[in-house]
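Engineer: Below, the features straight out of TrEMBL:
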- 1-41: signal peptide (SIGNAL)
- 43-548: domain 'Neutral/alkaline non-lysosomal ceramidase N-terminal' (DOMAIN)
- 132, 241, 483, 519: Zn(2+) binding site (BINDING)
- 293: active site, nucleophile (ACT_SITE)
- 551-713: domain 'Neutral/alkaline non-lysosomal ceramidase C-terminal' (DOMAIN)
């Protein structure tokens, strides 16, 4: 009975049955408890894998800034997979360090999973959720508007994400263990603010009075505990945009939530564990972050320093933007990440609420413009069945082009714009002209881009979205295909909590899952037409449609009913275009070889110093090097054997791998490696090691490596 992996070790909600007892009555209770737990015994597997995309000369997805293309790596990207199963069903949840997930990636992941596992993993039970970092390569969504700032489809990004996601799931699948699930939460202050507070105030005061803050300050945590209560993995949800790294950043970064994951994994796996190499996996997944910023100092005018909100321009060519609590974007990222990590660790040490129980998932594809539903009344918390509202063809409003205080847009667009401009309308109509029906449906949004009417070269934004609701015992996860604002998420959680109150006690919202369909503002926020509302693509009743749909799906899940799969999203994989030039060739400078160290480090350093070295480099797009880094810090373990051990890589916070092109014509480039020596680094002999691949002018890609001279840390 006490063997590892038995129901005794995986379920102990009935505390009375702990230990040995002599009474028959207690033995009867014991057997009953064990049988109950066995009926709902869970098995959980966790896995982590590198998904880092091409780190050079590929645009980042998020800020829509054509100038923001990669020049190296600060933090690598990872996929963190959780496979949860009982005897009847299973669920896969993957949190990916990427801006979002798209249907094309999910479809290919499912195709390869089914090739290996048959019908075990399907579109009904696999949820891929992007963390929403804005500092990772784009070009993978297969919707033209989203890939346009990246100059089209980028196969290298697409393949990197698929390969890493699959590997994380394979690892999780092969490491299933008996487990149970606990929920806990904690308050986290001074880590997020509402970047559209005037929009939030449009929501009814009766509804706002239910909440203390205008953003969610609760960090929700689900932990998976194996035999002897060993932590197998943790999923945290906290509402914050991973935009601590601003749109001037050129290094791949998983941003604040990605670094929080690394910190927590090091804390649980051991401080010497390299990122991505530990057995305990900790995700900080996205939730209703639509109007939530980590830039806690708030927005000010660029030159005057006056407070602003982007409803009007600050001055001539003066931008309104917000900044974080640190001295620069790296410091701000560190501060916010550390706050999130410390709160998560504090919550982890608290007693948890056992939510172990049956696993179930429902999924449906929904064609949003065709939906007709009852509107939601936020004051009475009910649906008005005597009225009907509908969705619209996708369209982006003028305020979309204004950007946000996290990343201002171009030209003279401002947030809160509810009237159109004849000049911009001419440009709009040249691309695709909206009909009167479109204009009326989207009102008061003035349409800047009629994306639902655009056909060239293929679909600009999705019409069909993916909606999933998963249950693991007392936990319900609503996986949504976009960015819900604070109040939109609260409304969804309230409705699902009411439905599930008899069978579940906790509801979380997993954002940016499976398909990306932009923002979801409340109908009241929509009237203000700030950035989030202008990017609510299916019109003012987008949230009403989602509320109706997720209520319907949740009821079906708890009643054990199957649902219609809905219409499949269209496949544009044979129509994709790219304007991203390929790597033609690499060359080393005269008299040098790839990997040669051009600039050596100094001979001696102390804690807090930054070590730098420069190497002859090939183009990093020649190989994504998943699990095989471009830069490493090595310590001499044995002088007698010349044995070196890797103590940090380009996935660690303390390092930076920066790639710079010297000449496009000659194909020459160099790599700079930086290592900021952390406090507590043991004294000893160290060196920097660079790895890469070069493309020979006559064909073929070949690996190389090189290292710096050794130096002392004292």
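Each residue, glycine too, has its Cβ placed from N, Cα and C.
A description of the local structural setting of each listed feature is requested, covering burial, neighbours and distances.
Structural biologist: Confidence annotation: the domain 'Neutral/alkaline non-lysosomal ceramidase N-terminal' (43-548) carries a mean pLDDT of 96 in the model.
Around residue 483 (Zn(2+) binding site), the same-chain residues at least 6 positions away in sequence with a Cβ under 8 Å from its Cβ are 132, 288, 289, 290, 511, 512, 518, 519, 520, 532.
Sequence-distant contacts of residue 293 (active site, nucleophile), defined as residues of its own chain at least six apart whose C-beta falls under 8 angstroms from its C-beta, comprise 192, 193, 194, 195, 240, 241, 243, 322, 404, 405, 406.
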Engineer: Including all protein chains displayed, how many Cβ atoms other than that of residue 132 (Zn(2+) binding site) lie within 10 Å of its Cβ?
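Structural biologist: For residue 132 (Zn(2+) binding site), the 10 Å Cβ neighbour count is 28.
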Engineer: Which of these binding-site residues has the least crowded Cβ, counting other Cβ atoms within 10 Å: 241, 519?
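Structural biologist: Result for the binding-site residues 241, 519: minimum number of other Cβ atoms within 10 Å at 519.
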Engineer: With an 8 Å cut-off on Cβ distance to the 132, 241, 483, 519 Cβ center, who else from the chain surrounds the Zn(2+) site?
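Structural biologist: Near the Zn(2+) site, beyond 132, 241, 483, 519, sit 286, 289, 290, 292, 482, 511, 512.
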